[in-house]
Amino acid sequence: MVAPKVAVVGAGVIGLSTALCIAETCPSCSVTVLSDQFSPNTTSDVAAGMLIPHTYPDTPIHMQKQWFKETFTYLFAISNSAEASEAGIHLVSGWQVFKNTPKEELPFWSNIVLGFRPMSEEELRKFPQHRFGQAFTTLKCDCPPYLLWLEKRLEATGVQMRTRKVADLWELHSEYDVVVNCAGIGAHQLVGDMELFPIRGQVLKVHAPWVKNFIRDGDGLTYIYPGVHSVTLGGTREKDSWNLSPDPGTTKDIFERCCSLEPSLRGAQDIKVKVGLRPSRQSVRLQREVLSQGGVKLPVVHNYGQGAGGFSVHMGTAKEAARLVGECIAALQGSSSRAKL
């Protein structure tokens, strides 16, 4: 079999990292990323990029932990390298605070982040509305630089990137041997996934260089995440809203909520508003499927539905998707060698 041709549909953090893993684990493959949008116009560009896992109710916890651990290990190595600044990856310490003690005082990821511990009484005095908290150090990706860094890595490994709107995976069957669906919220239409729904997120990017620590309300709705060039203030979780227009009332509400946690933010300047639609499901869709029409078969690997937790698990799910692509290619090579007999 000549070099297998693989198409990855989607150029957010899931698509780019999946393409990179395929290129690295299957050097004989020819890999092409197809998307109608590249950075800075993807949903991933809006994301805060903090490594604090979201929980998927229908995905086994051991798998979620494995994905997070692989992603954390991968990004931690970059944060310790000369490429950290270009890739926009850095360590950040801070607090997750709760108005009431959570049922789970030790989340499944507590031994993967660094220095996880309960907050002291003295630390909690900073947050008079909250009764319990956790302190730890995690990683933050500044999203546009990280996506550009991934694109550069892809180009260096010979992966092609093409601007193309894919309306149906079938349109790729004559050009590619395997198709990988990393279309994010676009999979709702692309493959008719009715289990996939948008959770609208509106965030503010502000200039407040004195803010060095992250602060996250335990409900996950209000958060302050300092990056290299700006601080991300959030947010919203509006299920089934497809509206990409910023809402001024929501902007005011986010700003007030964040100022109640960190009053010094009242001095923040250069406020920009961003909106993204998180591709959400009860479980991440990470599986092989063989589409067939009129006796023609098209192997497909799906990798989407990471919702609010895409950055936290992107490299773990990308490695698994690359493994599934390897299985597809082995099956194709097996069938082609059988056909020759």
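A Cβ is built for glycine as well, from the same backbone N, Cα and C atoms used for every other residue.
According to TrEMBL, the features are:
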SIGNAL    1-19  signal peptide
DOMAIN    5-324  domain 'FAD dependent oxidoreductase'
BINDING   Thr43, Ser44, Val166  FAD binding site
BINDING   Tyr223, Arg278  D-dopa binding site
10 Å Cα neighbourhood of Arg278 (D-dopa binding site): matching binding-site residues from Thr43, Ser44, Val166:
Thr43, Ser44
Taking only same-chain residues 6+ apart in sequence, whose CB is under 8 Å from that of Ser44 (FAD binding site), what do you get?
Gly12, Val13, Ile14, Cys143, Leu147, Gly310, Phe311
Neighbour count, 10 Å Cβ-Cβ cut-off, for Val166 (FAD binding site): what number do you get?
19
For the C-alpha pair, I'd like the distance in angstrom between Tyr223 (D-dopa binding site) and Thr43 (FAD binding site), rounded off.
18
The domain 'FAD dependent oxidoreductase' (5-324) [mean pLDDT, rounded to integer]:
96
Applying a 10 Å Cβ distance cut-off over all chains shown, what neighbour count does Arg278 (D-dopa binding site) have?
24
